[in-house]
Amino acid sequence: MATINDHYLKLKAGYLFPEIARRVNAFAAAQPDAQIIRLGIGDVTEPLPAACRTAMIKAVEDMGDRSSFRGYGPEQGYEWLRQSIAEHDFQRRGCEIDASEIFVSDGSKCDTGNILDIFGDNNTIAVTDPVYPVYVDTNVMAGHTGAANEQGEYAGLVYLPVTAENGFTASLPEQKVDLIYLCFPNNPTGATASRAHLQQWVDYARANGSIIFFDAAYEAFITDPDLPHSIYEIPGARSCAIEFRSFSKNAGFTGTRCALTVVPKTLTAKAADGSEVEIWKLWNRRQSTKFNGVSYIVQRGAEAVYSPEGQAEVKGLVSFYLENARIIREQLSANGLAVYGGVNAPYVWVKTPSGFSSWEFFDKLLHTCHVVVTPGSGFGAAGEGYFRVSAFNSRANVEMAMQRIREKLAT
């Protein structure tokens, strides 16, 4: 009989968001007239920018003309898109990133999991706690962990607690670790990292031969000019970091799918024989074998993000969601809750009222206010007693959700 990958059996009962969906669906079936407002999963609600739509429509027409038809594209992405990304997102910020070091993909979630294909099974891996669950679950699937304890912490991972006391920014690990996951602006806490903080991580990684996986999916929400948007703004990062980015939240591509991973050609890791190997070559080989590239139509839409019209429209989308975050943050704070994040970030991290666990308060908000949030414990043991609120929704829904909470859950 065929056998399975037994590491999947170590995963907790359900990925966080499917469990949320199960509870919401059960409630909706029991209360079909309830008007549920979803402020849980970070899916956007506003339409694609007009510049992107126009470019994609033209690209569709290109595909209908023999002279401009495109078949298989380059696995790494079309050069015209990679050049635009390199110039606007990196070079204009002083980052020495070349278009050849950029890999266009269909999602940063995919890339943060797939990147493990090119790394060995004997690496020590560090994650913050709480943390985006994909970082942990993909390592479990790959066989990099032992079993989980009662708190959901997996043996073999190094957990770095982030709390209100440390500003939700992790301290350097006391032990040597090989692979480090960092996400700023952070999901789920909404915390941001200063240049000095990231410099500490870069210095640690270079001193220990570590590699940082830097998730910058929410960098567009940074409005503070003193905060870095990319790990490559930090001296030395080219030799120790891989960066992941996405068009999902800034340009509304959650249903269109386009992202990118930056792998500097100066980044190396050791082979079993002790020789140093270029990570870029391994990732290029992996993508060429397992990935056929993002569609021409979608890449033309992503390219339009960097047009003057696209830049203005993306700025408008980001400002819209940041205003939602401000409303959420201020309303929940006025309701007596301890609130974090929501500044330079689209997520608000909130302490549950005394006596409530994360899931208990999730259920209370769902059943009493018909509002869906994300329980903090789903992001790790240190997330217990918190919940995450997403700013990705319509203004009317955000205001209505806050009104319901204010009226029905006055503390």
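Glycine too: its Cβ is placed from the backbone N, Cα and C atoms.
It should be emphasised that the depicted structure is a prediction, and the values quoted were computed from it without experimental measurement.
Going through Arg82, Arg206, Arg257, Arg300 against Swiss-Prot, the one listed in the pyridoxal 5'-phosphate site together with Tyr72, Ser108, Lys109, Tyr132, Asn187, Tyr218, Ser246, Phe247, Ser248, Asn292 turns out to be Arg257. Take the binding-site residues Asn187, Ser246, Ser248, Asn292: by the count of other Cβ atoms within 10 Å of each Cβ, the lowest one is Asn292.
The DSSP secondary structure for Asn187 (substrate binding site) is coil.
Within 10 Å of the C-beta of Tyr72 (pyridoxal 5'-phosphate binding site) we count 8 further C-beta atoms, all protein chains included. DSSP assigns Asn292 (substrate binding site) to coil, not to a helix or a strand.
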